[in-house]
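As written in TrEMBL, here are the features:
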BINDING   15-20, 62-65, 100-109, D135  FMN binding site
BINDING   R277, R309, A310, F311, S312, G343, L344, C345, S346, W524  FAD binding site
BINDING   T384, S442, R443, K448, V449, Y450, V451, Q452  NADP(+) binding site
DOMAIN    9-153  domain 'Flavodoxin-like'
DOMAIN    213-370  domain 'FAD-binding FR-type'
Amino acid sequence: MLEMESRKLKILYGSQTGTSQEVAERFWRDSKRYYFQGPVLALDDYPVTQLIFETLIIFVCSTTGDGKEPDNMKKFWKFLLRKNLPLDSLKGLRFAVLGLGDSSYTKFNYAAKKLYRRLLQLGGVALLDVGLADDQHDLGPDAVIDKWSEQLWKTLGEIFPLPNGTEPLSENNLFSARWTIKILNTESENNDIEVSDIIWIQNCEKHTVSLEENTCLLTVKKNIRTTAESHFQMVPHRYFFKLLSHFTTNELEKEKLEEFVSVEGQQELFNYCNRPRRTILEVLADFPNAAANIPLNYLFELLRPIKPRAFSIASSPKKHEGELHLLVAVVKYKTKLFLPRLGLCSNWLASLNEHCSAPVWVKKGTFRFPSALDTPVIMVGPGTGVAPFRSFIQEKVALNQARADLLYLFFGCRNHDGDFHCRDEWLTLQENEKLTMFCAFSRDQENKVYVQHIMKEQAALLWSLFSSQQASFYLAGRSDNMPAAVKDVLINDVACSCGQLSSEEASQWLARLEACGRYQVETWS
């Protein structure tokens, strides 16, 4: 049996948008109930050369792009792939891996699966099977996380039992805040605190916003709406409600908040919070007693830093030298709540006037286009998913390599006159025989027509391009039903119907295309 002071546990995460970090921090809080000691860190912030000395680690990682690991996990993963690592180097390590992914991706939770297998290859001992949380589940990732977490702590309790007479701390315990708040100006009238009056400190060090090394300020040259004027289309996390339940003195509020954080109350929480996309301020308005009693040092547990947003570059420097174009869907939509829901970053970008500045950094995209000049390229980009293809097509035009028999674009939107992004540009390229374009306008007729439908109409052409000319296929857009529908057309209508392949052969054919880089997908939720 381990002594209390030797209960060491590290929790490491790879996170792109912050979700995996939130889950890792949840596990870190839960670990305190069982008297485990240790930090929660991003994988690339952990000194990886110390890994061979570790005995117990929980890994939480997401999958980005087409099966790629998150940016703050890349250095760790590169080290783990070293061929000179002995196959028994992690024989003293017990570990667990939880993956956060989206089943609309072909390589669902690929980073977590790869990490799990590699840790086993190096001699690590798994505490339980890899957890595969799915953002597409009706209740989101928590549907898997809750059950996996319950099994994790049960297993750890069996392997590392507490000393006799010691019980796990209650789930209702309020743990110390990570933030120390100091009021710098104590002369404010009526004890009102202004933003300029306080600083916030974590682990006794001033906390600063982390930016990438190559961050620079770009000046807005133009901010143009690409949809018609009439065209019309980040919420509290679960721990937010847990904290509020500690602060309210109202029994009705407490009962409701505790229901929201229970396993049984997840559907109720989804209906209240996620479905209508309720904001933090709206939740606080619904629970006024809790809102009035929030201690200052817990404020930053409730209000998290806004994460950077990634957008595909929609222009080529060869056509627009010194410029960088973005095609951004301004997130604004209606729910049963009175006020429209507004996306923070997209609406901020839309509000920028000419000559304003915006902090940005550039990273490599996930798409790898063919180097051979005579390879046909099939691009499927509904809505703002067309952005990376505009960049590629502009590059080919600038290099005088654009031909209608080599560049095929399938575009979809709601209305021809409403949200046909870059319409004049595409039509001009078609007229000049530099592009072949197929469009689906889903709301311009009684029956809804999407990109998969017009792909089905062009199944014979697509099979000819694949089979005779070794075409490469690229898909970008939202990770809802569209990617699966497009894949279904490729298998059933293109490969089976036109290529005369069996269902099994068609699936294998598409898998080979993916393996050699001729079928690439970049989607987002």
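Even glycines carry a Cβ here, placed using N, Cα and C.
Sequence features, as recorded in TrEMBL, placed on the structure.
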{"residue": "G18", "record": "FMN binding site", "CB count, 10 Å": "17"}
{"residue": "S62", "record": "FMN binding site", "CB count, 10 Å": "29"}
{"residue": "Y105", "record": "FMN binding site", "CB count, 10 Å": "22"}
{"residue": "F108", "record": "FMN binding site", "CB count, 10 Å": "18"}
{"residue": "R277", "record": "FAD binding site", "CB count, 10 Å": "17"}
{"residue": "S312", "record": "FAD binding site", "CB count, 10 Å": "23"}
{"residue": "T384", "record": "NADP(+) binding site", "CB count, 10 Å": "24"}
{"residue": "S442", "record": "NADP(+) binding site", "CB count, 10 Å": "16"}
{"residue": "Y450", "record": "NADP(+) binding site", "CB count, 10 Å": "17"}
{"residue": "Q452", "record": "NADP(+) binding site", "CB count, 10 Å": "23"}
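L344 (FAD binding site) and V449 (NADP(+) binding site) have their C-alpha atoms 31 Å apart, to the nearest angstrom.
Residues belonging to the domain 'FAD-binding FR-type' (213-370) score a mean pLDDT of 84 in the model. Each residue contributes its Cα atom, and for D102 (FMN binding site) and Q452 (NADP(+) binding site) those atoms are 20 Å apart. A gap of 21 Å separates the Cα atoms of S312 (FAD binding site) and F108 (FMN binding site). Under 8 Å, Cβ to Cβ, and six or more positions away along its own chain, S15 (FMN binding site) finds Q21, A24, A42, V60, C61, S62, P70, N72. For Q452 (NADP(+) binding site), the nearest of the binding-site residues G18, Y105, A310, S346 in terms of C-alpha separation is Y105. Of all the binding-site residues in the record (G18, Y105, F108, R277), the one with the smallest CA separation from T384 (NADP(+) binding site) is Y105.
Ranking the binding-site residues R443, V449, V451 by the distance of their Cα atoms from the Cα of A310 (FAD binding site) places V451 first. Counting only residues at least six positions away in the same chain, the Cβ atoms of R414, N415, G418 sit under 8 Å from the Cβ of R443 (NADP(+) binding site). Site extent for FAD: the farthest pair of Cα atoms among R277, R309, A310, F311, S312, G343, L344, C345, S346, W524 sits 25 Å apart. Between the listed binding-site residues, namely S346, V451, the fewest other CB atoms within 10 angstroms of a CB are found at S346. Helix, strand and coil counts under DSSP for the domain 'Flavodoxin-like' (9-153) come to 58 helix, 32 strand, 55 coil. Closest by Cα distance to Y450 (NADP(+) binding site), from the binding-site residues G18, Y105, F108, R277, S346, is Y105. All protein chains considered, the CB of V449 (NADP(+) binding site) has 16 other CB atoms within 10 Å.
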